[in-house]
Amino acid sequence: MTESSVVYLPSPEFVAQANVGPEIYGRADADRLAWWAEQARRLDWETEFTDVLDWSNAPFAKWFPGGKLNVAVNCVDRHVDAGKGDRIALHWVGEPGDSRDITYAQLKDEVCKAANAFTNLGVRAGDRVAIYMPMVPEAIITMLACARLGATHSVVFAGFSSAALRSRIDDAEAKLVVTTDGQYRRGEPAPLKSAVDEALGTGADAAASVAHVVVVKRTNHDPSLNWVAGRDVWWDDTVGEASPEHEAEAFDSDHPLFLLYTSGTTGKPKGIVHGSGGYLTQTSSTFHNVFDHKEGRDVFWCGADIGWVTGHTYIVYGPLSNGATEILYEGTPNTPNEHRHFQIIEKYGVTLYYMAPTLIRTFMKWGRAIPDAHDLSSLRLLGSVGEPINPEAWRWYRDAIGGNRCPIVDTWWQTETGSCMISPLPGVTATKPGAAMAPMPGISVRIVDDNGHDVPRGEQGYLVVDEPWPSMLMGVWGDDDRYRDTYWSRFAEQGWYFAGDGARYDEDGALWVLGRVDDVMNVSGHRISTSEVESALVTHPDVAEAAVIGASDETTGQGIVAFVILREGITSIPDSFEQDLRNHVAVEISPIAKPREVNVVPELPKTRSGKIMRRLLKDVAEGRELGDTSTLVDPTVFENIRSRRR
Ligand code: WTA
C-alpha cells in the first residue's frame, strides 16, 4: 500500500451522530442554488430574499438579492429570543490567568450598549470602524456592534505596526478606532494605544477621517499613556454607561459587513470586502457541517486571532450564528508554559479543536509528554487551517491530541473565499493525512493548466473555483479593477476565480492543496507578500535593492529569507546590520514579517530583461543545487551570494 492510499474512516459512533451524511453531496449537486437557499434559511431574514444569486454583473455577485437581515441579531438576539440566553457564548481566558464567562444574554446587552455608544460617537450605517485589539471579549462585542449598526468593521491584527495600521485606516477612511490601552505579550504587558497615537499622527499629518478612539482598559499599565482630549474616550465611560436597549435595523444582503486587508502579489495590501447574507449563510452552514457542531453540547475552540479571516469566520460569525459555546484565548500557547492549551481543553471540556499546522508542529517539537500529561478525552473532532498540513504532523495530531478517535478536518479556504471551501466532512469522508480531500457541498472547483484544461489525476495544476459561492468576496475596497485583475483575469474567458494556489487530485481522487503559486509566502499560516517585505527593506537608508523569498521551514512552513544590496558608497556595515534590518521590517509591517535571515550580497541574480530570479534564490536558501541558470546575465553572481551567506 502506498503512503497516500492509507485512509482513515470516521468511527461508526461518529457517523451515527453526524450532522450530515453522504447524501448532501448529491442534494447540493442536483440543484446548487436551491441547496444554498436552503442553507440561507438557517438564518433569520427580516425580509425574505427574492432570488438566490444575481450574477448578471459578474464577477460582482449579489447573493440573496431582495433579502434583508441583521447579522448581529442572527449571532446573538435570536438565541436569547429562543430561550438560550443563559448559555455561555464565550469562555474567555486571559493570558495572565484571569477569565470571564459571557452568556448570550450578557453578550446581547454588551453589543447593544456598544451599538448605542458608537451611535453617540457619530457612527452610522456604511461608516468604517477600525478595530486594533488583542483577543479580549470587547473585540468581538465591537465587531458585533458594528454589524448591528451596519457599520463596516476593519480589524487590523494588533501585531501590525502603526505604519500598517495607518495605511489601513486611510484606505478605509475609518471614522472610529477601537483599541485597548495595552496587551499582554508572553506574560508582559505592552502598550498598544501608543501605536494608535503614532498611526493617527498630529497636526498636518493627522489621519483626517478619524473622529474618535475608544479605549478598552486591559493592562492598566502604560505609565506614559497619551490622551487626546475630544478624540479619545474610555470604553467604560461610553459603552459602560450606554443603554442595553437597542433596536436593530435589517440591512440588504449585500451590505458590506467587513473589510479585511490581506497581502497580494503587489506591495500594497488590499481590502477584501465581505457582505452580509451570503457571507453569513456559508459561514454558518460550514460551521455546522464541517465541525459537526451540536448546540448546547459542544465546546469549540478556534486558535486563530480575530485579526485574520479565520478569527472572523470561525470565532465570531460561524460559531455565534450557530449558538455555540466557545473558547476565546488571549495568549500564546507557551505562556506561562507549554501546557496551556491542554489545561484549557481539560478545564472547559473542549470538544472541537481547530488550529494551524504550525502549532501542531510546535507541539511535536515540545514533545508528546506534554499532551500526555492531560486528559484530552473530551475532544471529538480536530481541525486544521492556514497552510498545507504535512502527513507526519497530521498523524501526530490524530494520535497525540486526538487519541486516534477524532476525525481531522483539513479545511482549505482564503480571506477572499470568506469561509471553508474544501474539506472532508467528518462523518462521511475517509481522510488521507495531508489532503483537504474534496470541495464542500455546493462548491465547485477544478484543477487546470495554463490553458484552463483539467489536468489529469496525479498532476499539479492551478486551483480555480468555477462557480460563484455565497461567502465570496464582494470586491476589493475602492478598487474594482484590482478585483478583476487579481482574481478573474487569469481565466477570464471561462469566468473562473483564480485562487493563487497549486493543487492536485491523486490517483484516488483526493484533493491536495500544495501552496501558493504566486509571490505570496505563508509563514506560520500568515500570508505575507514577498514584495511587501522588499518594499519595507528598501526604505532602510542603506539598502539599494532587495529580493525576498519564502524558504521551506520545518516549523513555520516557510521562513522569510532576504537578499539585499547596499547603496553606493556604503562600504562597511555594523555587526548588528542583519538584526537592524529585521527590526526595520518589524516596524514597517509587523514582527510576523521579520526575515528569518538577511544576506547582504553584491548583486542579485537577474534575467536579461531585468527580472530577479527568485526561483534560484530559493534554491540557494534551501541549500539545493541551482536550477537552470542559462537565462542569467551573469551566472557568477551565485558564487558571490553563496560565499557571503552567513
Ligand atoms: C493557504 C486562511 C493548504 C493557501 C483561511 C491559501 C491552505 C492561503 C489551507 C489563504 C489548507 C489555507 N491547506 N493551504 N487547509 N488553508 N491555506 O487568506 O495558500 O490567510 O491561499 O486564509 O492559505 O490564507 P488566508
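FYI, residue positions are counted from 1 along the chain as it appears here.
Just so you know, glycine gets a Cβ as well, placed from its N, Cα and C.
Listed in TrEMBL:
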type	residues	note
DOMAIN	23-75	domain 'Acetyl-coenzyme A synthetase N-terminal'
DOMAIN	82-473	domain 'AMP-dependent synthetase/ligase'
BINDING	Arg185, Arg186, Gly187, Glu188, Thr310, Asn334, Ser524	CoA binding site
BINDING	Gly386, Glu387, Pro388, Asp410, Thr411, Trp412, Trp413, Gln414, Thr415, Asp501, Arg516, Arg527	ATP binding site
DOMAIN	532-611	domain 'AMP-binding enzyme C-terminal'
BINDING	Val538, His540, Val543	Mg(2+) binding site
MOD_RES	Lys611	N6-acetyllysine
Cβ-based neighbourhood (8 Å from the centroid) of the Mg(2+) site, residues Val538, His540, Val543 excluded: Ala536, Leu537, Thr539, Pro541, Asp542, Ala544, Glu545, Ala546, Val564, Leu581, His584
Helix, strand and coil totals (DSSP H, G, I; E, B; other) for the domain 'AMP-binding enzyme C-terminal' (532-611): 22 helix, 27 strand, 31 coil
For CoA: widest Cα to Cα gap among Arg185, Arg186, Gly187, Glu188, Thr310, Asn334, Ser524 in Å: 26
Max CA-CA distance, Å, over listed ATP-binding residues Gly386, Glu387, Pro388, Asp410, Thr411, Trp412, Trp413, Gln414, Thr415, Asp501, Arg516, Arg527: 18
Neighbouring C-beta atoms (10 Å sphere around the C-beta of Gly187 (CoA binding site)): 12
For the domain 'Acetyl-coenzyme A synthetase N-terminal' (23-75), residues assigned helix / strand / coil by DSSP: 22 helix, 7 strand, 24 coil
Residues among the recorded positions Pro388, Trp413, His540, Lys611 that border ligand 1 - Cβ under 6 angstroms, in sequence order: Pro388, Trp413
Nearest-integer angstrom distance between the alpha carbons (Cα) of Val543 (Mg(2+) binding site) and the residue listed as 'N6-acetyllysine': 18
All-chain count of other Cβ atoms within 10 Å of Lys611 (N6-acetyllysine): 10
Cα distance (Å, whole number) from Thr310 (CoA binding site) to Thr411 (ATP binding site): 11
